[in-house]
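Report on the structure given below.
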């Protein structure tokens, strides 16, 4: 029961979309040719059965391909009427690509079926009846050319021009140039390359005409099977480049013919005022002739974001119709002066805060510091989600104690380390005794004692007292 209601809902949606397409008068011609195509295909299939001709069957598959192309035209008209929605933010242009891909793949599968049947016929060749063979050839040729020239098929026209040249077009190109040298008026039709759909129809009709004459004159029934193989190979060779091109569009690859233009535009964007770097660029085709892309632009801290965004969009919009530009400013982080691991006995940053009363540095700030240089370092990648850490905003303040430190009254010496030691040892120092032999320590010293441990022997203290006193 659930499946029944589900199927009803699907057919109801299809009916509503069909009414939307049928409301346009330009779609009536496509529907008319579609009904004529169904009638013509049914007649040709009956004649294929009566003549027992595999070559005529292979040629009839081109008429079935015309029916697929008409369905693609209806889908193209439907896509033009639909607007982007929340589910399909880029529009419905990919339905056209999917229709072209499915049509070309189905015709290639039909060509493979013809090849399989032809191999079986080479083993046991049946007799061919030529009564309706020539009539069927002319009917199919007339209707195929009438459909191709009367109905404007935008998706297949674009694919036939953008896809690579088929082997049949390459072989006919030399003959076309020679013929256009004799008759210049044919250059608009035959050059630079002939329409692949018109070419495959003319080549198939020519093969069927030769088959009819050889069977009528010499009763060569095996020629029909050879012609079927030739038509199937020409069909497969014509449709294969279109399948490859539409498949690459479905895989969201960057078109090869626009790579040079994109590189040029990106170089121009990188030279704009305020732009430091252009990275993470990605461009792909949404539909036939519709290019989409996204790019990240790193700018100076004093640059105007809206101005840079306007210039970047203006440069890339000439080629990329749907563009997303992410602007983020350069972020500088203050590094630490300590390079490498601390020596034995030295106090780390967190430990120093514990001993000195200063607030300890968090592990996050320690990890972000660059240990190799004292100059500001640029991060290799933007912060996640472009949430900027402004320098100084998240750094904890360092508060120095206002009360003077206690002096070592037991010895009567001056406070702290000697000026020569403080000059040679750039770092923090702690209150020490005497010359600081037991308590003066920095991150560059290797003294193993800690403050308050291992005091000087009494004899040494008295000796130093007398030396400095007298």
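From the backbone N, Cα and C atoms, a Cβ is placed for every residue, glycine too.
TrEMBL lists transmembrane segment for one of the ranges 28-47, 168-187, namely 28-47. In TrEMBL, the annotation transmembrane segment applies to 197-215, one of the ranges 7-25, 197-215.
The stretches the transmembrane segment (133-151) and the transmembrane segment (227-245) are not in mutual contact, being linked by fewer than three Cβ pairs under 8 Å (pairs 6 or more apart in sequence).
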